[in-house]
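A.B. asks: Have a look at this one.
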Ligand SMILES: [Zn+2]
C-alpha cells in the first residue's frame, strides 16, 4: 500500500511521456492514495511536486500574515500586493497539484494541466495589477500605455489560458514543438513592458534603493527558467540520467520560484518607497482596478478551463485527440519533435 510500482516510458501510453525521460513513471491509472504516496516515494514527478508545493506554502503563509494585519487590508495601496500574493499561491499550488495527480487518468492529466495554465495566467495578471500600482516609471504615467495597461493585461491573461489549453491538442508545429511557452510568454511580456523600460532607461529616484536590483534578479531568473523549459537541458544530452533528479522541469520550477521571490521583494520596496509619489500622481488603487478585475479574470479563466475540461472528458473527443496526436507523431517521426 505504501509503495508504488514505477514504470519505463514504453510501459505507459504515449500521452504520458515526457521528452527524454526514460524511467520513473507512475501508472496512468493511479489512485489518489498512490498519487499521495508518490510525493514521498521517488518518481519522475516527485521533485516537480515539492519544488512548487514548498514555495506555495511560503507564499500562503506570507499572504495570511499580510491579510491578518487589519491595517494592511484597510489600506487601498496594499490591495494590489494582496492580489499579487494570491496569484502566486494559486499558480504554485495548481502546479504542485497538477504534478501530483496528473496520472489518475488521461482526462485527469489534461484537466490538471488546464488548471496549471489558467493559474499561470492569473499570476501574470496579479503581477500586472501590482506593476501598475507600484512600478510604473514616471515617464510612462498617464500615457496611452498606462491607460490601457490593465485592460490589455486582462485580455492577454485570458488569451494565454485559451492558447495554452488549446496547444495540448494543436497540430500547429510552433505551438506543439515549443510547448506552452509562446502562450505563457504573451502576458508575461506585456506585464513586464513598463518595468523593462524603467530598468533600462530610467534613473531610480532613490539611488540607495535595491528595488531595481531585485527586479533585474527576477528578469535574470526568468530568462534562465525559460532556457531550461525550452531547451530540455540537461536531459536532452543524456536521456535517462536525470529522470529523478536534475531534469529541466525541476530546474524550471526552482528558477520560477526564485524569480517570484525576488519579484515579491522588489514590489515590497517599490510599494514603500514610491507610495507618496504614486498616490500624488495617480491616486489610490480602486476596488474595481484590483479585486474586481482579479475576480473577472479568475471567472473567465475558470470558464475556459471548464469548457476544455468538459470537451476532453467526452470519450469521442478524447479518441479524436489521441488519433490526431498519433497522426502528427507519425508525420513528424524523424524530426525529433515530441509533442507532450
Ligand atoms: Zn511544472
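Cβ from N, Cα, C; glycine included.
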A.B. asks: Looking at 265-288, 289-312, which one does TrEMBL call transmembrane segment?
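C.D. replies: Of the candidate stretches, TrEMBL labels 289-312 as transmembrane segment.
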A.B. asks: Tell me which range among 148-169, 214-235, 236-257 TrEMBL lists as transmembrane segment.
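C.D. replies: So the range that TrEMBL calls transmembrane segment is 148-169.
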A.B. asks: TrEMBL records 249, 253 as Zn(2+)-binding residues. Which of 99, 142 is assigned to the same site?
C.D. replies: 99
A.B. asks: I need the most crowded of these binding-site residues: 99, 249, 253. Count other C-beta atoms within 10 angstroms of each C-beta and give me the top one.
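C.D. replies: The most densely surrounded of these binding-site residues is 99.
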A.B. asks: Check the transmembrane segment (148-169) against each of 113-136, 181-200, 289-312 and return whichever range has the most CB pairs under 8 Å.
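C.D. replies: By Cβ pairs under 8 Å, 113-136 leads among 113-136, 181-200, 289-312.
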